[in-house]
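Notes follow the structure.
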Amino acid sequence: MRKNGRGPLDLRPILLEPRVSKHAEGSCLVRFGDTHVLCTASVDEKVPPHVYGTGAGWVTAEYGMLPRSTHERMQREAARGKQTGRTLEIQRLVGRALRAAVDLRAIGPRTVTLDCDVIQADGGTRTAAITGAYVALVQAVRSIQKRKQLAHDPVKRSVAAVSVGIVAGEVHLDLDYDEDSTAEVDMNVVATGEGALVEVQGTAEGKPFARAELDRMLDAALAGLSRLKELQEAALRTP
């Protein structure tokens, strides 16, 4: 039995609280157990140079951890003068994941930026960020629609993410920090609401894992992602 009485294939308690920022076009406070991430979506009526002139829009992301989101205080990356490789990797992952949800041409020549700030970290910050950022993105798109600036809805599919791994020889869904630290295999799975894979990041620690174990982990992840889709839909129905 895991923490909080969870079974191997149970998610942590999940909360998606939308509209937590009065300034951002979209926002969501997402909680995966003791991992809490604030996701905001901002709309800018311009696009980066590589998109300029195409008529399409862009969706991008930034990610960061507050200094006391972990057991010991971390120095802010701004104070160090550079972002870590981990930060750059995660924010690129979040951006790729969210672009899979939308038709960039239908967004028009504007940029939606998802800012994902980790308030408290207990494993799975990138998967929580993607799941919450999708909710914020949809709200931002709706704000553009209210201004009657979109001919078609650019959101084509939902996207969520969850971690999965092998701990003590058993497949575990939605790993917390302690489980992640001792896992023989650690994997992050991003998928659409229909179950199509967007990105899979998997690493073995110490020894390789079999194809059959990979299949079991993917099955567990997709089952968890189906539940996350339901929670996203419920959050977006909240007035």
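Note that Cβ sites are derived from N, Cα and C of the backbone, with glycine treated the same way.
From the candidate list Arg86, Arg99, Arg157, the residue Swiss-Prot records in the phosphate site shared with Gly124, Thr125, Arg126 is Arg86. Classification of Gly124 (phosphate binding site) by DSSP places it in coil, neither helical nor stranded. Most other Cβ atoms within 10 A: among the binding-site residues Arg86, Arg126, that distinction falls to Arg126. Its own atom aside, the Cβ of Gly124 (phosphate binding site) has 25 Cβ atoms within 10 angstroms in the protein chains shown.
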